[in-house]
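S.K.: Sending over a structure as structure tokens; questions will come in a sec.
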Amino acid sequence: MLSIREIQEKTVGYFAGKGVPNPKLDADLLIAHVLKLKRLELYLDIDRPLTEAELNALRPLVKRRAEREPLQYILGFTEFYGMKLKTDARALIPRPETEELVEHVSERLNNPPKRILDLGTGSGAIAIALATLYPEAEVWATDQSEAALELAQENANAFVSKGRIHFHQGSWWEPLPEKLDFDLIVANPPYLTETEMGTAEPEVVAHEPAGALVSGEDGLDDLKRIIAGAKQRLAAGGMLALETGIAQHDALDKLVNEADLKGQGESDMSGRPRFYYIEASPVSSPSGLDGETRTDQSAPQTDWHPHPSPKNYPVTRAEPLREKRRTEKPVSPNEARYFITCCTGGKETGLQSEQCACAILTILGELHAEASIDLLAATVMPDHVHVLMKLGHRLNLSQVIGKFKAATRSALDENGLAWQENYHDHRLRADDALEKFSKYLFLNPYRSQLIQIDATWPWWVLNENYHPEFLEVLEDPPLPPEEWLKESPKLQELLEDDV
């Protein structure tokens, strides 16, 4: 009988020969799926032999992936906004970029929308995510494909109450009742050009519905239809949020101006112009995209503010984290402080690569800036990240971790890595000295012999507002004092149950 290790090695080699992206990750996920294990659990029993029944179940799945069928279709699900959504060829696979769009929309809205519309809902991912985010909102969703709507309804049945989302079949605005307007409209329409579709990966070209991807020669056909009807469907102060192609914002600016609306582009986490937000001319709103102050102070139906575009993994590590990025300090109801550890699946190394580490620190900084957490310190290690933080007033701990993992997922994917499903959390006692934990984070790379004691680990941040005494003893650049290095065994003992 072949062991997990042997099957893994054979499958990875087979996938690599067929040009499958991320062959090791995909091999692990298929094996784990057949064995009904988490990916990490494969490595805890790596020499366990597979039964003949398990091998027979695995072989056709490996064959399908080698033929470049998307992994999500083979597994039958994809993770989206903390939900495991049913996924098959009836609809486009929800992407991390679309998850980002939902995140940005929730950050832009100051007040909960009363009525939401998801245009071209596909699997229902956006509509369901927004329905869970805004439980009091009335949610509508349209799609031209009857098969896609069936899939969306199946997913909705699993995550929201019956009738919570109003599904209607038809092209864009067509199936909606007349004079029905919305505070928030979100759409991930087809936006690829015919040329782009011709150069796409086989997973896309051969397996995903082309009607959900291609939109004419310039990729703008469906975006034009959506923008043309937006003014009649947006409530006063309402917002239309779009996922777009990366070279379309100049054309969208022109279309929006012609429609007498205001528009603003935004980049995704990797720095590509991916999202576009359109505001109706509000009857009353504190400010618009142009920054003008409104004189009518009657309450608008929804109120939103611009969200700064993230940089392409900005390298601002090995510096104290400064509070200048936000004006309001989050207040946790119980001032609870946490020491969090998130590990890669199988403890695979690679988080210290510039792409992964910068993405991790960037997202932690954004969670801090938006007041979801109060980031005290963080260190990125090759196979795990340590975060010392206070919870903010917006999200609970599991929501924060879920948001962090979702936002960093694409960077890890590109490096053949994935997060473990679980994470370790150590809640600090009231008498726990913050400095002990901060020292542990700072010394961890030295303790692991990743760098010499006369060098600085680049993937470390510290909030200077909470560590004035800590910073006083550090040099510039920050290096560990000799007395700290002598304390290392004590620090290891302090946290050995959490690492």
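Cβ atoms are placed via backbone N, Cα and C, with glycine included.
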S.K.: Looking at the S-adenosyl-L-methionine binding annotation from TrEMBL, with G120, T121, G122, S123, G124, D143, N188 already listed, which candidate in W172, W173 is the matching residue?
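M.R.: Looking through W172, W173, the residue TrEMBL assigns to the S-adenosyl-L-methionine site is W172.
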S.K.: T121, S123, N188: which of these binding-site residues has the highest Cβ count within 10 Å of its own Cβ?
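M.R.: Result of the Cβ crowding comparison: T121.
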S.K.: Mind checking how the domain 'Transposase IS200-like' (333-444) divides into helix, strand and coil residues in DSSP?
M.R.: 48 helix, 29 strand, 35 coil
S.K.: Around G120 (S-adenosyl-L-methionine binding site), how many other CB atoms lie within 10 A of its CB?
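M.R.: Total other Cβ atoms inside 10 Å, all chains included: 24.
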S.K.: What is the total of other Cβ atoms whose distance to the Cβ of G122 (S-adenosyl-L-methionine binding site) is within 10 Å?
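M.R.: So the Cβ neighbour count for G122 (S-adenosyl-L-methionine binding site) comes to 26.
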S.K.: Within 10 Å of its Cβ, which one of these binding-site residues (G124, D143, W172) has the largest number of other Cβ atoms?
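M.R.: Result for the most crowded candidate: G124.
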